[in-house]
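TrEMBL has this to say about the protein:
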TRANSMEM  38-60  transmembrane segment
DOMAIN    41-464  domain 'Ammonium transporter AmtB-like'
TRANSMEM  72-95  transmembrane segment
TRANSMEM  124-142  transmembrane segment
TRANSMEM  149-170  transmembrane segment
TRANSMEM  190-215  transmembrane segment
TRANSMEM  236-254  transmembrane segment
TRANSMEM  274-298  transmembrane segment
TRANSMEM  333-354  transmembrane segment
TRANSMEM  366-384  transmembrane segment
TRANSMEM  411-435  transmembrane segment
Amino acid sequence: MSCSSLDLAPLLGGGMNGSAAADYICNQLSDAGHAIDTTYLLFSTYLVFAMQLGFAMLCAGSVRAKNTMNIMLTNVLDAAAGGLFYYLFGFAFAFGKPSNGFIGTRFFALKGVPDPSFDYSNFLFQWSFAIAVAGITSGSIAERTQFAAYLIYSSFLTGFVYPIVSHWFWSADGWAAAGRNAGESLLFDSGVIDFAGSGVVHLVGGVGGLWGALIEGPRIGRFDHAGRSVALRGHSATLVVLGTFLLWFGWYGFNPGSFAVIFKTYGPSGSSHGQWSAVGRTAVTTTLAGCTAALTTLFGKRLQTGHWKVADVCNGLLGGFAAITAGCSVVEPWAAIICGFVSAWVLIGLNHLAAALQFDDPLEAAQLHGGCGAWGIIFTALFATERYVNEVYPGRAVRPYGLLMGGGGRLLAANLVEILVIAGWVSATMGPLFYAMHKLGLLRISADEEMAGMDLTRHGGFAYVYHDEEPKPATALALKYSTTRIEPLLQKPVDVEFS
C-alpha cells in the first residue's frame, strides 16, 4: 500500500503544517506496513519450521523400530547442518543481488543484510525451505545409509544444489523466474510459475532421493529371490499420523507464507480486495487438494487391496499438498480438487512402477515429492487463471496463463522446461556425489549392521527402553491368563499393518 504526502496534505489543511503532518502519517504507515509484513513472514517461517517435527515423526513411524533413533537424528542434523551451510553459502547463491541469471554473488554469511530487498526474516524463511528439501531426500535412503553420508549430502544439497535452483526460478535475477526484474525478458514471454515449490523444493528433493536410493540399492529383505516385493512396514502408525498432521499444519506457512507480504492491495483504496484475500484462497486450495488426494487414495487402495490403509492415505494426502504447491496462488478452488485427484493416482501408479523395478524408498519420497511435484508443475500450466496470475505476478502488460483456461501454451512450455532442468541439474550434481560416496565406502552400512539395526550398531542403543524386571505374582498370573487366551489367535493368519 502507498501513501502520498501530496494527496494527503490538502486534507490536513495545507501549508507547512499540513505537509509535515502528511509526511509523518505516511512514514508511520510505511513503518507499520513493514512491521505487519515481517510479522506475517516470521509467523509463516515458524509454521514451515514445525514441518521438521512432522518429517521426524513421519520418518520415525515409517521405519522399523531398530532404526528409529537414526532417522530422527538425521532429521535434527538436516536442520542444524542446513542452517550453517545455508547461512554461509546457500542464501547468497539463491538470492544474492545484483547477480547473473545462473547464481547469486552477494550476501555470503549474510554480509550486507539487511538491505532494501532482504531482511533477516527473508533468510530465515528461505532456510526453512532449504532444510525441507534435505528432509525429503533423507526418507528415500533411510535404514541403510551411513551417518557421515547424511552430513555430506545434506550440506551439499542445502548449501549449493537447492540454492541454485531457487535462484533460477524465484530470484528476481533468475533466468526463468516469472517475477524477473522489469525490462528483462521472460522465458517464452511467461517465466516459470512455481509459486511455493512443487519443482524448486519437492522435485529437487525427490530426484535427489531417487539417485541415492538407486545407487544404494534396496534394503535387505525388501525383495525376495524371485524379485517379488516384500513389505518392510514401519513400526508405528501413530507416529505416521502425527507426522502427517504436523506437516499439514506447516503447509499453511509453506504455501500462503510464500507471498512474503500481506499488507498489499489489489484494488482501489478502501476495497477489501488485497493480498490478504489471496492468502486465504491459497490456504483453501492447499486444503482441498490434500483432502481430495487423501480420499482418492483411501478408496483407490481399498479397491486394490481390500483394506483401509492409514499409511497410504497419509502419503496420498501429502502428495496432494506437494502437487498443489506450485499453483496454489493462481488457481481456483475447484481446480485444486482436480489436482489432488490426479496426484493420488500419480502416486499409486509410481509406487507400482517402483515395486516392479525393485526400487526401494521407505518413505515413498521420490514417488511422492518427485512424481506429484512434477504433476503439480504441469497442473499449474493448465489451470492458472488470468486474473490471479496478473495479481500475483504484476508488472507485465500481457502474461500467459493456463492452457485449459484459454491462456495458450507458453506457460506450459516454460514449466516443462523447469521439470527437465531440475531433473538434469540434480542428477548432474547429486548423482555423482552419491556414486562417489558409494565407491569410497561412505554410503551404505554393512549387511550385519543393517540386520541388527543402526540404533544398536551406530547410536549406542535403542530408541525404546524395555525393562525386563521379574513380574510380581499377580502380574505373572495375568500374563499367563492373557497368553492362554491370545495364543490360539496367533495360530491364525493375521493381516498386520505395521510390524
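Each Cβ is built from the backbone N, Cα and C atoms, and glycine gets one as well.
Owing to the predicted nature of the structure, the values given are computational and were not obtained by experimental measurement.
Sequence-distant contacts of the transmembrane segment (124-142) (same chain, at least 6 residues past either end, Cβ-Cβ under 8 Å): 41-42, 44-45, 48-49, 51-52, 55, 58-59, 62-63, 67, 71, 74-75, 78-79, 81-83, 86-87, 90-91, 94-95, 149-150, 153-154, 157-158, 162-163, 166, 197, 201-202, 204-206, 208-210, 212-213, 216, 254, 257, 260, 361-366, 369, 430. A contact between the transmembrane segment (149-170) and the transmembrane segment (236-254) is absent, since fewer than 3 of their C-beta pairs, 6 or more residues apart, lie under 8 Å. The average pLDDT the prediction assigns to the domain 'Ammonium transporter AmtB-like' (41-464) is 94.
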